[in-house]
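As structure tokens, the structure follows; a few thoughts come after it.
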Amino acid sequence: MKYTTQMDAARKGIITKEMEIVSKKENMDIEILREKMAKGQIVIPANKNHKSLDPEGIGSGLKTKINVNLGISRDCPNVDAELEKVKIAIDMKAEAIMDLSSFGKTEEFRQKLVNMSTAMIGTVPIYDAVGFYDKELKDITEKEFLDVVRKHGEDGVDFVTIHAGLNRDTVKTFKKNTRVTNIVSRGGSLLYAWMELNNKENPFYEYYDELLEICAAYDMTISLGDALRPGSIADGTDASQIAELMVLGELTKRAWEKNVQVIIEGPGHMKLNEIEANVILEKKLCHGAPFYVLGPLVTDIAPGYDHITSAIGGAIAASHGVDFLCYVTPAEHLRLPTLEDMKEGIIASKIAAHAGDLAKGVQGADEWDLKMSKARQKLDWEEMFSLSIDDEKARRYRKESSPEHEDSCTMCGKMCSMRNMNRIMEGKDINILRSED
């Protein structure tokens with residue numbers, strides 16, 4: 001039996017090779033996986049033209065996944081540096097990479113990225129439109145916007161962020177409700193500008209059915225972008241954000257009618273106590289579609305440390321049911337991330353994702369922690385290093401500050417609780433003052 005997309009296959013009772021791979025990775029019964037995909041609760045972004053892809057699932061009951069942003073900008077157009085970031089992201093087991101290139105002809109970089117990446121690839125096609133056509137934003141036509149999306153599909157992109165929820169109605173809500181930081185979504189701000197300059201409806205909303213046909217043709221997952229996400233604590237969970245979310249819920253149903261897989265994008269900046277409510281709202285208004293959040297950042301005061309503000313919010317969000325975290329680096333709000341910034345961002349996001357998985361009871365999530373605890377109890381340093389989320393850093397710290405005795409560290413020395421409890425439990429003496437046992 002033939003199928004067009006992963007969702008179409010799931011609804012027809014067909015088990016695809018991508019489903020088989022995800023089922024084994026997640027230790028989820030394949031029929032449960034298929035049923036959730038048929039309902040839109042799980043997606044497997046897998047463009048038919050992405051031949052090097054090692055597929056991953058995103059959604060209900062699965063491990064929380066992370067995405068790494070990279071790409072070329074006008075001020076930092078170094079392609080080789082960005083390709084090095086791709087290699088690091090893959091080595092560090094990020095499940096997704098988004099090419100957010102915003103300068104020049106990005107096609108060659110995007111094609112290299114797809115060809116070399118086992119991780120799923122996402123893009124924001126509107127970023128590419130100005131460079132692709134070599135036109136000012138206001139001069140790009142509705143058809144040209146759609147053609148850029150088609151080009152990304154041809155190139156093998158697995159999921160595309162489309163800010164289709166920013167329409168004339170949500171713009172009215174935005175204009176009525178004063179914000180501190182207006183529209184902070186780059187794609188959202190470009191679309192808003194295009195709409196205002198041309199006095200027209202958002203082309204991705206007006207021609208949404210045509211957009212869905214493009215996505216279905218390549219089995220591109222549509223990541224419905226939140227153009228009106230809050231960019232400051234003051235704007236969190238405001239009328240504009242929720243108005244757009246309601247539209248995204250309607251667009252989700254329309255995509256599912258065409259068997260197009262959907263991810264919903266979310267905040268952004270918000271207070272800790274608002275995170276759970278935002279997850280509940282998304283799951284309710286968007287009918288259980290997987291939720292993909294940028295952070296959320298839980299305070300605005302920490303430039304240089306936003307990988308921490310994001311990890312705090314990300315862990316809480318994941319614990320309440322968020323399915324996909326976009327990493328944030330220490331460079332957020334300051335500059336294009338360096339390789340080191342990127343590494344720190346990936347690790348912070350992976351910690352947040354795993355902490356969330358522990359809290360929401362993802363199958364097998366606690367096995368990693370149990371192995372680490374047992375290694376600590378045995379003072380098996382090599383095992384601890386091998387289990388560390390960043391084994392290189394753990395080894396380096398141990399090497400830089402070596403203890404007198406191997407069965408301790410320089411924090412506690414011979415007062416190490418693990419060391420002394422092991423000895424007492426084995427019926428041995430505890431020696432703290434003497435230099436030798």
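Using N, Cα and C of the backbone, Cβ positions are placed for all residues, glycine too.
The candidate list Asn47, Asn49, Asn69 contains one residue that Swiss-Prot assigns to the substrate site with Met98, Tyr127, His163, Ser185, Arg186, Gly187, Asp226, Ala227, Leu228, Arg229, Glu265, Tyr292, namely Asn69. Cα-Cα distance from His269 (Zn(2+) binding site) to Ser185 (substrate binding site): 12 Å (rounded to the nearest whole number).
The record assigns Asn69, Met98, Tyr127, His163, Ser185, Arg186, Gly187, Asp226, Ala227, Leu228, Arg229, Glu265, Tyr292 to the substrate binding site, and the maximum Cα to Cα distance across that set is 20 Å. Of the binding-site residues Ala227, Cys409, Cys412, Cys416, Ala227 has the largest number of other Cβ atoms within 10 Å of its own Cβ.
Those residues of the chain, other than Cys409, Cys412, Cys416, with a C-beta within 8 angstroms of the mean position of the [4Fe-4S] cluster site C-beta atoms are Pro403, Ser408, Thr410, Met411, Gly413, Lys414, Met415, Ser417, Met418, Arg419.
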